[in-house]
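A.B. asks: Annotations for this protein, taken from TrEMBL, read as follows:
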type     : residues                                       : note
DOMAIN   : A:5-285                                        : domain 'UvrD-like helicase ATP-binding'
BINDING  : A:26, A:27, A:28, A:29, A:30, A:31, A:32, A:33 : ATP binding site
DOMAIN   : A:286-565                                      : domain 'UvrD-like helicase C-terminal'
REGION   : A:670-700                                      : region 'Disordered'
COMPBIAS : A:690-700                                      : compositional bias 'Low complexity'
DNA sequence: AAAGCAAGCTTTTTT
DNA sequence: AGCTTGCTTT
């Protein structure tokens, strides 16, 4: 049977067990994607299952894409009719057909986290729901939890037991859902929740999909939440051919509602389940696996398993500890550079992983310095960047006036002299009449209270209507460029970050990328009828990880979370320090939530097992976090790795981090009694601190204005500190934190010049170089810098610069009447005088 | 009534 | 460091 012979015994068992519930516990790197794809092939080729009856759910679009590709290769025929998609996109697909059964329009829009937040903000304001203890974040969190657990607004309302906060949350939940419905919108959680609701209330719909998906496979099952579980359970209920694949040791999304019990209790829900463990690892060396096993072994309540490999040759795991995060970043960059030069490393097979997005900046700077090409995953998702959201909000407004959030976002962007008060009146008018915000704007004349601003509102409406008219004859790309041009959006961006121009460049480049993206969408073969709504939908569900291409010769920088499911020859885990990883937040809540630390450990496990051959752990003794200097001890996860698996350059690494070595650039360090018998402060002669932050006046830190760095134990109180100093609350002797003194920040040696260059080649978070098939370019305009030109709206001016963009020329004109404007040449339709 | 500026507060992770 | 909020200015 050919292709199945390459599988090991356990893998083969997993492939051949096609019927009934199956739980595959697949350790990291144990070839689970291979198993899944072979299983699909087996179902089709050997069991005569119609591809149409197979559904495979993955976590990210990228994973879905990869699975689809591999299935296509191995199946050959009919592969395209298999549903391979994420939970969210599956649900969208179903809801697009049946949302009307729930009282939504089938063309509902999808709100991202930002959109939901602004909607909720309005609601909280309207009903005065926020208190000192109950903030927006908490309300949103509670509601999200409700949806994850399939608790409806009514059910929640019945269970408030007159608890003060619960009553408020209940009100917020109810109003929020009402508002969503009115806006014909759903948030991420709703997509799953509503699909389950749809299935429960409409047996005919459920049965249709049950009959359709006779064989269901779910990847990354350990990260499903209760609603997702219910979605799957309902679908699989008729034929019970449900195969879930996961690894409880890699469950890292609890904060998002993932319920590790879904995988741990699978056998309780399906007592007849076949359980198969895949423990042979085909990815990493024994040394790396030993380290991973040693770390994860400290967790309780896991399904016992031990990864092993036949790959015995390998280096030890490298450990390097540095004085500062700068040194750490410098090492990573230079080490990668060195290995690359000696031919031992390829950029595309190398990743730097860290706990928080904020850690990327320093590393990024050093990469630029060393000339190492890189790409950053995550941070602010391309589609959550301000400039992109603004432009998309214009497109949404043009597409569908019912989306109040989009309209409000852009009504005064760029500034049109329409302020908060005016908007409030308009909103009240809309509320009274139960009409949309945009419809209210159309009747601005009727709203007495805004009579003074009525003309501005009318101008806005007229502009949007003009776009709608143009939409009929324009391509999407033309429409977007026209929006940018008419609104003077590039101009507005210029005013945004005037302190330094690098951010500005990024933003402009991101706008270029959006144009490329919309053009690529229009020209894509996969879309038969490109529409504005289609584009907006496609864009709504992309995760940042989805855009990584394989072929790029670039080092990837990303969080540990983003790295799940990926593998690299060389992996650097940066910031292996207490309070960084495990995170400060987790350690703070350790008593009330002991499971937090277990999840962090799983995250460490995920990180370590990303490496195939070469793993380097790095840590810094001190680093700047949100304007404070933190002194952290080496991460407990490093200490959990037995010394014999480690190659460490500094044998004294595990002494308390704040005992500085002789070479350290600290002039004075006084010991004070505490857990470690020390703590101290620095003299202010020391200039090695690149502190910044707003500590404009040193009074609260003591007269000396000196540096107060302390090692703290729970009972330690330092009177020189403001009472809000987090240090006094620290309960674990690992934690050492200090505040910087007012000090002239030492010029950071890298900085601007090459950051600016970097923006051109590696646009952070943009799609630079990723969208394929950039089509033909607009011809060079007839005019040049210095020429006098005329514009239909702005009149006559002088061209001050003509810059070549990826798809079009960007022309800057200094108009005699309205000053400088930046626009796209193809759209400005400038006439040379 | 809107825009501009300074102070204050914060997030760890994301479909 | 970045974003929101509140206050002052126009």
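Every residue number used here counts from 1 along the chain in the order it is shown.
Note that Cβ sites are derived from N, Cα and C of the backbone, with glycine treated the same way.
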A.B. asks: These are the binding-site residues: A:26, A:28. Which one scores highest on other Cβ atoms within 10 Å?
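C.D. replies: Compared across A:26, A:28, the most Cβ atoms within 10 Å surround A:26.
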A.B. asks: Out of A:27, A:29, which of the binding-site residues has the smallest number of neighbouring Cβ atoms within 10 Å?
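C.D. replies: Looking at the binding-site residues A:27, A:29, the Cβ with the fewest others within 10 Å is that of A:29.
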A.B. asks: Count, for each of the binding-site residues A:30, A:33, the other C-beta atoms lying within 10 angstroms of its own C-beta, and report the residue with the smallest count.
C.D. replies: A:33
A.B. asks: How would DSSP class residue A:26 (ATP binding site) in three states?
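C.D. replies: For residue A:26 (ATP binding site) - judged by DSSP and reduced to three states - the answer is strand.
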A.B. asks: Taking the Cβ of residue A:31 (ATP binding site) as the reference point, list residues of the same chain whose Cβ is under 8 angstroms away and which are at least six residues distant in sequence.
C.D. replies: A:7, A:8, A:11, A:278, A:280, A:282
A.B. asks: To test your reading of the ATP site: which residues beyond A:26, A:27, A:28, A:29, A:30, A:31, A:32, A:33, same chain only, put their Cβ within 8 Å of the Cβ centroid of those residues?
C.D. replies: A:35, A:247, A:278, A:281, A:282, A:283
A.B. asks: For residue A:32 (ATP binding site), write down the residues of its own chain that are at least 6 apart in sequence and whose Cβ falls under 8 Å from its Cβ; none is a fine answer.
C.D. replies: A:24, A:26, A:219, A:245, A:278
A.B. asks: Secondary structure at residue A:31 (ATP binding site) (DSSP, helix/strand/coil)?
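C.D. replies: It is coil.
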A.B. asks: Taking only the residues in the domain 'UvrD-like helicase ATP-binding' (A:5-285), give me the average pLDDT of this model.
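C.D. replies: Within the domain 'UvrD-like helicase ATP-binding' (A:5-285), the model's average pLDDT equals 91.
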